[in-house]
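Among the features that TrEMBL reports, Mg(2+) binding site is placed at A:Glu54, A:Leu411, A:His463. The feature Ni(2+) binding site is assigned by TrEMBL to A:Cys73, A:Cys76, A:Cys457. The feature Fe cation binding site is assigned by TrEMBL to A:Cys76, A:Cys460.
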Amino acid sequence: MNEFVSRIRERNMKKLVIDPVTRVEGHGKVTIIMDDQGRVDRTRLHIVEFRGFERFIQGRPYWEAPVVVQRLCGICPVSHHLAAAKAMDLVVGVGPEELSPTAEKMRRLMHYGQMLQSHALHFFHLCSPDLLFGFDSPVLKRNVLAVAQEFPEIAKQGIFMRRFGQEIIRATAGKKIHGTGAIPGGINKHLETADRDAFRKDIEQMIEWAAAAVGLVKQVHGKNPTYFDNFGSFPSNHLSLVGKDGALDFYHGTLRAIDDQGHKIIDQVDYTDYLRHIGEEVRSWSYMKFPFLRKLGKKLGWYRVGPLARLNTCDFIPSPLAQKEFEQFRAYTNGKPNNFTLHYHWARMIEMLHSAEVIKQLLADKDLTAGELLRRGKKRGEGVGVVEAPRGTLIHHYKVNENDQIKMCNLIVSTTHNNEPMNQAVARVAGQYLDRQQITEGLLNHIEVGIRAYDPCLSCATHALGQMPLQVELENSRGEVIQRAERGSGA
Amino acid sequence: MSDKIKFLMEGKECTGKPGQSILQAADDNGVYIPRLCYHPDLKPGGSCRVCTVNVNGRNMAACTTPVADGMVILNETEELRDLRRALVEMLFIEGNHYCPFCEKSGNCELQALAYRLKIMAPRFPYMFPERKLDATHPAIFIDGNRCIQCGRCVRAAEEVDHKPILGFIGRGVAMRIKAGSSKGLAGVEIGPEDACVKVCPVGSIIVRETAYRTPIGKRTYDHQPIGSDIEARAPES
């Protein structure tokens, strides 16, 4: 029996469990411990899945990594596909600036298509029921079918935008899920002109709908700004890639982290050097690690990633409509970082708009339909690839032996970065809404709303094997521990 | 002796040439008999038995049985279909075949045959054997996980490349393909142009750094099932 459980028993506390957390990708659970006065004593978001990609990729040829490791996820496999491909570009001696224009632009198109579909999926399918019906609306109503019934136009736009993004992925990677487009040193195909023309026909509509989605978030916010702003909010650091010129860039850039006041903690960090700046802590009660900025240490160094963090760290958005929205977003907090948890939705929709605009720009580019696909340089034994996945910064790191076999793999996935923030959000929401309350299902959904804002992908985040602490306890009928087995829980 | 052999295939009158196997004669008549260890450039191996057909009431391997006058051959009975499925399923469970990320996917004869035979899942439990990779050669890679012991590479090395550099070790379920050198592939002369590399029906013998170059949609079996090219040879009736 661990200390957490024994405290519950000693102090006659009540344990609330939300299992599974719904409308997120993957499987997690929340425990909330309340004392006999109904006060929230402690909360935890547990990730209860267990996977093993970092271990079983060892020994496989390096060129398989972009295709194998993307199977961590069915929602944003393109991010893993591209992060691994970028790492393997380095292994075959092709730096990020040395890719052919066709390869770089095809990968960008694939990635921005993914960003569009993933953000649409999250906002329309997973979150719109909360935002449109209310966090404590009847549980039977909190699903996309009810949205389709009461707001058919919104549901339709969500489905069509997701389809558009998925089609972009198919056209660039070969399949909507788990394609093979990006290969070490480049890409394996051009964009077919028939696909390009079909996308061109629909892209204006996508931009219009994406702009309307930003408007919808603002409208929801406008109904009760104080409530929306305060819900599960807390100050934090923020981390993301930013383009060379400080622009929002999902595909490539350098690492920048800022504190809750906007002061830069790290900037222009070459991501191949990530280990010098980011550490990972292991805690015994979760399969998900806790990353932190080494400069600030484990206690203060945690940070948020994802849409909110990206719009806090970047200087501008390089597309006109999204930039206009970005200016409003930044003005709302007087140019300071935005630390409001639910503003993730706002930031996410601005990013969706930006993705649609970038896709439009790319579709006008002739490099997509012709040009050199692959390049080769001098091989090396190590590669790091980083992209901004829909849920935040995604790091892939591999070492390869002289026979082309992978001997080391380290993945720090977006949701893993957000582990501590999500726990913070759960604690805040529990403190705000559950303290000394009669607990209802609707109130418990508030906790999930706090987690959902991050769009966590728990299956992505629990990819590791080998260093995860596993704890097994055998209890007798009186709840006393009679045997305990534990495996390594160090940092 | 007549230069034409007449036989019945699925009730249809067909002709073959002396010296042809049933499988070769069937190919010429546009009838596809499923096969794995057979390759048109090599002598028949007769080891996989996937090409088993019913000849005058008896099951025989089509690749090693000469076609003869008056033969009555059945190729598409439910019994034969089930036998072939079972054989292919056994190949899947005996190795470690992860089609979703295998670089041969879409060009793999084993995978294509499984699709053609409509195999959804094997009826036998997976064995998850421990198989080795031979990554010692600068150009060629052998992934033992995907080998189906068809022996095509061994025969091609001897018959076409005229260098017996590959062979089998072990017996039965423990049989493995191996390069004939204590240093593994590194100790033999082998290259991407060798027939023994090209004839591998699965993703076991692979040329380094060529993986996933063919985009999805352009691979051999992306649009047509395996055997379609043979069926296209059928004379118009």
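Placement of Cβ uses the backbone N, Cα and C atoms for every residue, glycine included.
The 10 Å shell around the Cβ of A:Cys76 (Ni(2+) binding site) contains 28 further Cβ atoms across the protein chains shown. Under 8 angstroms separates no C-beta among the binding-site residues A:Glu54, A:Cys76, A:Leu411 from a C-beta of chain B. Listed binding-site residues: A:Cys73, A:Leu411. The one with the lowest count of other Cβ atoms within 10 Å of its Cβ is A:Leu411. For the recorded site, A:Cys73 (Ni(2+) binding site), the DSSP three-state label reads coil. Reported as a whole number, the C-alpha separation between A:Glu54 (Mg(2+) binding site) and A:Cys457 (Ni(2+) binding site) equals 17 Å.
Across the structure, A:Cys76 (Ni(2+) binding site) and A:Leu411 (Mg(2+) binding site) place their CA atoms 15 angstrom apart. Between the CA atoms of A:Cys457 (Ni(2+) binding site) and A:Leu411 (Mg(2+) binding site) there is a gap of 14 Å. Looking at A:Glu54, A:Cys457, the binding-site residues in this record, the fewest other C-beta atoms within 10 angstroms of the C-beta turn up around A:Glu54. Looking at A:Leu411 (Mg(2+) binding site) and A:Cys73 (Ni(2+) binding site), their Cα atoms lie 13 Å from each other.
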